[in-house]
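According to Swiss-Prot, the protein carries these features:
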type: BINDING; residues: Q72, G74, R96, F100, F105, N110, R127, R131, G138; note: 3'cADPR binding site
Amino acid sequence: MRELKHELLPTRHTQVFHEDKDKMEFNAPHHFVVVPAGSPLVDQQIHYGRGGNSKKVTVKDFAGKLATVNFQLGPVTEHGANGVMNEDLIAMVITRLQYFQNSEFNCRENAMAITKLEEALMWLNKRTAEREQRGVEGTHEK
């Protein structure tokens, strides 16, 4: 696995990893692991997929893993719901920030983050609606 690096992602407390490019399917990473910063690596076998479609993939797992996120792999119409959607994670973060906003921890920065995350959901929903209109949603067609 490789570490997710982004100039705006702090790594003081946690680090995020995803599968190597040669293990990716459908042009994007689908499997993420969040660990405490500086966690030692451990080899482990993990099964990805469902039933007869599952395949054994060697990945790097981590001692003290905090979370694993497996995104939808392939179109739902072809593969069924088998993972988290981008929109699901964005909605989770919005909900968490809204709870902070309804407490003594409210602040302008959280309000701005909520607005921008809601905007991100709007753009993703717009893309889906346009793909549905063209009859290509749930396929690998543009």
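Cβ coordinates are placed from backbone N, Cα and C, and glycine is handled just like the others.
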G138 (3'cADPR binding site) CB neighbourhood, other CB atoms within 10 A: 15
Residues Q72, G74, R96, F100, F105, N110, R127, R131, G138 [recorded 3'cADPR binders]: greatest CA to CA distance in Å: 40
Local backbone state of F105 (3'cADPR binding site), from DSSP in three classes: coil
Helix, strand or coil at G138 (3'cADPR binding site) [DSSP, three-state]: coil
Among Q72, R96, F105, the most crowded of the binding-site residues [Cβ within 10 Å]: Q72
Collapsed DSSP category at Q72 (3'cADPR binding site): coil
For R127 (3'cADPR binding site), the three-state class that DSSP assigns: helix
